[in-house]
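Enquirer: Sharing the record's features from TrEMBL:
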SIGNAL    1-17  signal peptide
TRANSMEM  39-60  transmembrane segment
TRANSMEM  92-113  transmembrane segment
TRANSMEM  125-146  transmembrane segment
TRANSMEM  152-174  transmembrane segment
TRANSMEM  195-221  transmembrane segment
TRANSMEM  233-251  transmembrane segment
TRANSMEM  320-338  transmembrane segment
TRANSMEM  382-404  transmembrane segment
TRANSMEM  424-448  transmembrane segment
């Protein structure tokens with residue numbers, strides 16, 4: 001059965017959890033590093049993502065249709081949508097619902113944990129076997145939720161959560177670019193300056209070249225001479241906004257307040273903004289403005305006939321923008337777990353302390369036998385907000401749900417399953433808000449001179 005398959009897939013990770021028991025010991029909560037805990041929770045999220053991908057692979061629908069109630073929604077009964085198409089999406093909804101509930105529970109439990117002396121810190125940093133069992137239990141229970149209005153209501157949660165997570169991704173990219181720029185500038189000062197400055201310049205030029213190439217391709221393939229006004233507006237506005245933030249990043253006053261700010265960060269943000277713009281345009285239901293739709297609709301039946309077999313037997317999520325989205329998601333999830341930054345504005349937004357992460361320098365304590373052991377680096381105060389970290393993983397679960405299901409809106413016909421105007425506006429608005437947040441990190445020291453942004 002599908003539930004057995006689900007438990008089997010999840011159980012494959014149990015050996016990994018067991019092999020890491022020496023690092024993630026629940027009986028010795030005082031000997032941990034906070035980064036290990038973040039990596040372990042991220043591993044659970046990635047495990048759930050892998051299971052979700054398995055559920056929408058071709059051939060899985062025969063097993064998933066056995067779940068009671070999955071093929072009894074109005075759209076399936078009326079023949080608008082084939083059950084073989086929709087059952088995988090419904091399964092992804094439930095898997096991601098289970099992950100969201102799991103991380104929401106921990107987000108609530110960990111509110112206002114100040115240091116590892118708090119008893120709840122032991123739950124955060126240990127008892128991994130029981131956490132794994134809890135996730136499996138919630139997942140199995142989620143598959144017994146009656147269909148009804150569940151999928152429709154959860155869709156709107158997914159839209160809002162994805163909107164916020166796209167912004168978080170951009171914030172993490174800002175932080176990554178800041179740390180990258182700062183690291184190479186320090187190496188340039190201490191070593192071969194010409195080499196490191198040339199490397200910074202090369203990556204900056206490549207980022208801008210890719211962003212500009214994307215703009216040209218957008219105008220060529222995603223607009224027409226007489227139509228696609230919305231796409232023209234999206235492309236033009238985001239191009240102007242990227243130019244604006246790039247200029248602001250190198251203004252003398254901004255450079256004086258933030259010496260580490262520069263075009264490397266602005267170029268990476270510009271490239272990411274163009275990706276979000278492209279991702280939004282691929283969700284436009286207007287075929288003339290979205291050529292990617294041509295590869296999704298079967299050529300043999302351009303006008304689907306009514307009836308239960310009108311839709312194709314499966315829907316592919318692994319289009320280009322979906323794959324790129326998953327790659328960026330994986331990068332941001334890993335980086336969020338190991339990040340070590342001195343960017344004060346970003347750290348305040350992400351609820352973390354300066355210079356804390358896997359790359360931070362910790363001096364492990366040596367015992368009487370001379371062996372260095374892991375130490376508790378949070379006795380005086382936590383290095384990141386436990387609650388906010390779990391909330392971020394909750395949003396990541398919703399983002400994965402929407403990405404794997406092509407922003408599918410429940411009870412839609414087949415063609416509407418491929419595209420969605422709400423997805424277009426969610427992505428475009430998140431790109432605008434993300435650029436505004438990046439602009440704020442640049443001008444905040446000038447706007448609020450009394451605040452310490454060093």
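Including glycine, each Cβ sits where the backbone N, Cα and C put it.
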Enquirer: Is the transmembrane segment (92-113) packed against any residues at least 6 beyond its ends, judged by a Cβ distance under 8 Å, and which are they?
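Expert: For the transmembrane segment (92-113), the sequence-distant neighbours (Cβ-Cβ under 8 Å, at least 6 residues beyond its ends) are 6, 41, 44-45, 48, 51-52, 55-56, 120-121, 123-124, 134-135, 138-139, 141-143, 145, 150-151, 154-155, 157-158, 161, 382, 386-388, 390-391, 393-394, 397-398, 400-401, 404-405.
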Enquirer: Is the count of Cβ pairs under 8 Å between the transmembrane segment (152-174) and the transmembrane segment (424-448), pairs 6 or more apart in sequence, 3 or more?
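Expert: Stretch pair touches.
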Enquirer: Per the definition of 3+ C-beta pairs under 8 A with sequence separation of 6 or more, do the transmembrane segment (382-404) and the transmembrane segment (39-60) touch?
Expert: yes
Enquirer: How about long-range neighbours of the transmembrane segment (233-251): same chain, 6 or more residues beyond its ends, C-beta under 8 Å?
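Expert: Those are 211, 215, 218-219, 222-223, 261-263, 265-267, 269-270, 273-274, 277, 280-281, 428, 431-432, 435, 438-439, 442-443, in sequence order.
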Enquirer: Sort out the residues at least 6 away from either end of the transmembrane segment (195-221), same chain, that have Cβ-Cβ distances under 8 Å to it, and list them.
Expert: 181, 184-185, 187-188, 231-232, 235, 239, 242, 262-264, 267-268, 270-271, 273-275, 277-278, 281, 291
